[in-house]
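This report concerns only the one structure given below.
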Amino acid sequence: MSDLHRRVEETNAILARIARDYSPAVFASSLAAEDMVLTDLILKAKLPIGIFSLETGRLHAETLDMLNRVRETYGYEIALFRPQPEAVEAYVSQNGLNAFYDSVEMRKECCRVRKVEPLGRALSGNKAWITGQRRAQSTTRAELAVQEDDAAHGMQKFNPLADWSEQDVWDYLRANKVPYNALHERGYPSIGCEPCTRAIQPGEDVRAGRWWWENPESKECGLHVVDGKLIRIKSVAA
Ligand code: SF4
């Protein structure tokens with residue numbers, strides 16, 4: 001059995017266990033390459049796991065086009081959660097549309113309004129949520145475990161691709177003809193909101209294009225809380 005085949009088998013077992021033991025469970029997709037691996041596995045196995053995305057109002061057209069590509073390929077409609085209009089209006093009127101460039105605090109407040117609050121609504125009522133995070137993606141994810149006790153949201157959090165490499169992801173997508181975001185072929189290994197993501201140069205860290213004006217340690221959007229509210233569980237029995 002190849003390494004990729006083994007990883008796929010292990011990931012399928014984790015997803016099946018989540019569907020069996022932690023229902024209702026949801027998968028938070030940012031419509032990037034890793035998320036398309038999980039989308040493909042979940043939908044092909046017909047697992048009762050809902051898939052949603054956070055439509056921040058600042059996404060690239062190419063990212064939004066992925067909603068159509070998933071619909072065409074799988075006949076599946078990804079649920080969208082949007083920020084509260086009054087919260088966006090308040091942020092923009094008080095700080096300006098692009099105030100996230102001014103300071104880490106302003107950036108985190110924009111992420112709170114456009115991502116963190118909608119995520120809370122998306123997760124409400126579920127026992128577990130799933131992400132496409134990988135350990136190798138950044139220094140902030142080096143300790144990422146497959147299963148975490150997400151006390152902040154009062155549920156379990158699963159990262160089934162935690163030990164997948166970037167090569168594994170692309171080998172899977174190509175072997176299975178899974179659609180992927182066109183930006184990945186233009187130097188964007190990691191894709192977030194349009195004004196906060198740029199293409200990287202060869203040899204740069206895969207998340208170097210995210211909030212590129214900040215220190216690496218602050219580069220998370222608040223969706224993945226670590227400061228004492230999230231406990232790493234090192235092993236997951238299938
Ligand atoms: Fe706002 Fe940028 Fe965060 Fe998107 S990534 S929510 S635009 S600060």
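Glycine too: its Cβ is placed from the backbone N, Cα and C atoms.
A TrEMBL annotation is a machine prediction, not a hand-curated record.
According to TrEMBL, the protein has these features:
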| type | residues | note |
| --- | --- | --- |
| DOMAIN | 25-199 | domain 'Phosphoadenosine phosphosulphate reductase' |
| BINDING | Cys110, Cys111, Cys193, Cys196 | [4Fe-4S] cluster binding site |
| ACT_SITE | Cys221 | active site, nucleophile |
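Ranked by CA distance from Cys221 (active site, nucleophile), the binding-site residues Cys110, Cys111, Cys193, Cys196 have Cys111 at the top as the closest. Under the DSSP three-state reduction, Cys221 (active site, nucleophile) is assigned to coil, being neither helix nor strand. DSSP assigns Cys196 ([4Fe-4S] cluster binding site) to a helical segment in the three-state reduction. A Cβ within 8 Å of the Cβ centre of Cys110, Cys111, Cys193, Cys196, the residues given for [4Fe-4S] cluster, is found for these other residues of the same chain: Thr56, Arg58, Phe100, Arg107, Arg114, Lys115, Gly192, Pro195, Trp211, Cys221. According to DSSP, Cys111 ([4Fe-4S] cluster binding site) sits within a helical segment. Cβ neighbour count for Cys196 ([4Fe-4S] cluster binding site) (all protein chains, 10 Å cutoff from its Cβ): 22.
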